[in-house]
Amino acid sequence: MGKISSLPTQLFKCCFCDFLKQVKMPVTSSSHLFYLALCLLAFSSSATAGPETLCGAELVDALQFVCGDRGFYFNKPTGYGSSSRRAPQTGIVDECCFRSCDLRRLEMYCAPLKAAKSARSVRAQRHTDMPKAQKEVHLKNTSRGSAGNKNYRM
């Protein structure tokens, strides 16, 4: 994945706008042509250059942008991929900092979406929502283990 706006691209846009302003003038000097040639050279070198890498804070910013509220992992989640053999563990730094990576590669490191919980799930109920008899049994079972008739403190 390349950066959204690289320096050569910004330079080309700036140069191109300036050149268009100059074209409106009837007289074109050699300095204007040189300036345009320099801009075209900068643009062509950025187009032929390989994809850029993301490291450090730039990598974290890109992951936060791509994954949003889900969060992300620095290593691939367990069970990732279809190979049964244990391959050496690679992480996002190996894939995007030492080599270039694209948007799909970044998305592979996003945490899965959490399933929406119902408003009244059983675990979400407070102790005050239970009938008194269930509440006493529940509190007794959570503070002590039982083996037969004997109660042991945990």
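Every residue gets a Cβ built from N, Cα and C, even glycine.
Keep in mind that this is a model prediction, so the values were computed, not measured.
Per Swiss-Prot, compositional bias 'Basic and acidic residues' is recorded for 126-139.
Taken from Swiss-Prot, the feature compositional bias 'Polar residues' applies to 140-154.
Taking the Cβ of Cys97 (disulfide bond) as centre and 10 Å as the limit, one finds 16 other Cβ atoms among all the protein chains shown. DSSP assigns Cys97 (disulfide bond) to coil in the three-state reduction, outside any helix or strand. According to Swiss-Prot, the feature disulfide bond maps to Cys55-Cys97 (among others).
DSSP assigns Cys110 (disulfide bond) to a strand in the three-state reduction. Neighbour count (other Cβ atoms within 10 Å of the Cβ, all protein chains): 16 for Cys110 (disulfide bond). As annotated by Swiss-Prot, disulfide bond applies to Cys67-Cys110 (among others), with the evidence given as similarity to another entry.
All protein chains considered, the CB of Cys101 (disulfide bond) has 21 other CB atoms within 10 Å. The annotation disulfide bond is assigned in Swiss-Prot to Cys96-Cys101 (among others) on the grounds of similarity to another entry.
Summarised as a single figure, the pLDDT of the region 'B' (50-78) averages 85. The region 'B' annotation in Swiss-Prot covers 50-78.
Annotation comment: Swiss-Prot describes 79-90 as region 'C'.
Annotation comment: Swiss-Prot describes 91-111 as region 'A'.
Swiss-Prot lists 112-119 with the feature region 'D'.
According to Swiss-Prot, the feature region 'Disordered' maps to 121-154.
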Message: Can you check which residue among the disulfide-bonded residues Cys55, Cys67, Cys96 has the largest number of Cβ atoms within 10 Å of its own?
response: Cys96
- prompt: Excluding the flanking five residues on each side, which residues at least 6 beyond the ends of the region 'B' (50-78) place their CB within less than 8 Å of a CB in that stretch?
  reply: 1-3, 6, 89-93, 96-103, 106-114
